[in-house]
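So that you can see what the record holds, here are the features copied from Swiss-Prot:
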ACT_SITE  Lys11  active site
BINDING   Pro95, Ile96, Gly97, Ala98, Gly99, Leu100, Ala101, Gly102, Gly103, Ser104, Ala105  ATP binding site
ACT_SITE  Asp137  active site
Amino acid sequence: MHAYTLKAPAKINLLLEIIGDRPDGFHELVMVMQSVNLADIVELQPLSGDRIELFCNHPQVPCDQSNLAHRAARLMQEQFPGKGGVAITIDKKIPIGAGLAGGSADAAAVLVGLDLMWGLGLTQAELHTYAAKLGSDIPFCVSGGTALALGRGEELTPLPDLDQLYAVLAKYRSLSVATPWAYKTYRQQFSESYARDPEALEKRRREGHSVELLAAISHRDSQKVPQYLYNDLEKVVLPEHPQVQEIRDLFQSFGALGTMMSGSGPTVFGLADSRSKAELMATQLQTALPDPDLEILVTKFCSSGIQLLS
C-alpha cells in the first residue's frame with residue numbers, strides 16, 4: 001500500500017438560513033457553501049493491524065478519538081474490516097474553532113485517502129453517505145467547490161464555480177463561539193418564524209433568502225454574488241460579540257464587495273475581485289486593528305474539495 005498526501009480546503013458559508021426544526025433535534029437549513037484555497041495538508045500512511053495513530057502540529061488539536069479525522073478512520077475500518085491501520089499526520093493551516101470546517105475537512109481527507117489507499121473505488125455518493133455519519137459539513141468538504149446544502153447540510157447540489165473571487169478572513173485567536181450555543185440561542189429568540197410543516201418548509205426553500213444569491217451564482221456574477229450574502233446566526237452572535245461586528249463594519253468601510261460572518265463564527269470575511277484588492281483590505285484591517293490576537297488571512301475561492309497531492 002502507498003502513502004497518500006491530500007489537500008483539505010476550508011469552507012465558508014455564503015448563505016445560512018434557518019427555516020425550521022427537525023425531528024432529530026437539528027435545524028432545517030438552507031446554505032450555500034464555498035471552498036477556499038486555505039487548506040490543511042493530511043498525510044496517510046498504512047499501518048499493520050487495525051491501529052489508528054494521529055499526529056498534528058497544532059498543540060490545541062486533540063490527537064485521540066475525539067478528533068473527527070480519527071473517527072473517520074475508525075468508521076472506514078468498521079465498514080471495510082481487515083484493510084489495515086493508518087497513521088494520519090495533519091499539517092494544520094486552517095485556524096481552529098473558527099467556523100471554517102477545519103476538522104470536517106481533515107475527516108473528509110481521511111475518507112478520500114482511505115478509499116484510495118485501500119482500493120475501494122467508492123463513488124462520491126458513497127463517500128457522502130459515510131461523511132454524513134460523521135458530521136453535517138463533511139459531505140460538502142469531500143466534494144467542495146460551490147454548493148447548495150439543505151437538511152442539516154448533507155443534501156448537496158453542486159453550483160457553478162465562483163473561483164474568481166478572493167476572501168480576506170479575520171478572526172481573534174482567543175475568541176470562539178460554540179456552535180450549539182448559537183443555534184440554541186437562535187431557536188430561543190426566533191423559533192416563532194420557523195416553518196412548521198413540509199409544505200411550509202418547501203416554500204421557504206424555494207422563496208427564501210437564497211433566491212437572489214442562487215440566481216447570481218448561476219450567472220457566475222462576481223459583483224452580484226457578494227450583495228446577497230446572508231447569515232441568520234449573525235442575529236445572535238454579533239450582539240454578543242461586538243468585536244465581530246466591528247470587523248464586519250471595517251470591511252464594509254474598506255469597500256469589500258460583501259462581508260459576513262461565516263457559519264456560527266467568529267470568522268468574518270470580506271470579498272474582493274482581485275488579489276491586490278484583497279491584500280489592500282487585509283493591510284487596512286491590520287492598521288485599523290493592530291491587535292496581535294487578530295489573525296488575518298487572504299485566500300481565494302476554489303472549485304474543488306479534497307485534492308490528491310501525492
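Every residue, even glycine, has its Cβ placed from backbone N, Cα and C.
Given the structure is predicted, the values throughout are model-derived calculations rather than measurements.
In the three-state DSSP classification, Lys11 (active site) falls within a strand. If you take the C-beta of Gly99 (ATP binding site) and look for same-chain residues 6 or more apart in sequence within under 8 angstroms, you find Val177, Thr179, Met261, Ser262, Gly263, Ser264, Gly265, Pro266, Thr267. Checking Cα-Cα distances from Asp137 (active site) against the recorded positions (Lys11, Pro95, Gly97, Ala101, Ala105) with a 10 Å cut-off leaves Lys11, Ala101, Ala105, in sequence order.
Relative to Lys11 (active site), the binding-site residues with Cα atoms inside 10 Å are Ala101, the candidates having been Pro95, Gly97, Ala101.
Summarising the environment of Gly103 (ATP binding site), the number of other Cβ atoms within 10 Å of its Cβ, over all protein chains shown, is 26. Other Cβ atoms within 10 Å of the Cβ of Pro95 (ATP binding site) number 18 in total over all chains.
Asp137 (active site) has a Cβ environment of 29 other Cβ atoms inside 10 Å. Listed in chain order, the extra residues whose Cβ falls within 8 Å of the Cβ center of the ATP site residues Pro95, Ile96, Gly97, Ala98, Gly99, Leu100, Ala101, Gly102, Gly103, Ser104, Ala105 are Ala10, Ile94. Scoring each of the binding-site residues (Ala101, Ala105) by how many neighbouring Cβ atoms lie within 10 Å, the top position goes to Ala105. Residues within less than 8 Å, Cβ to Cβ, of Gly97 (ATP binding site) and separated from it by at least 6 positions along the same chain comprise Ser176.
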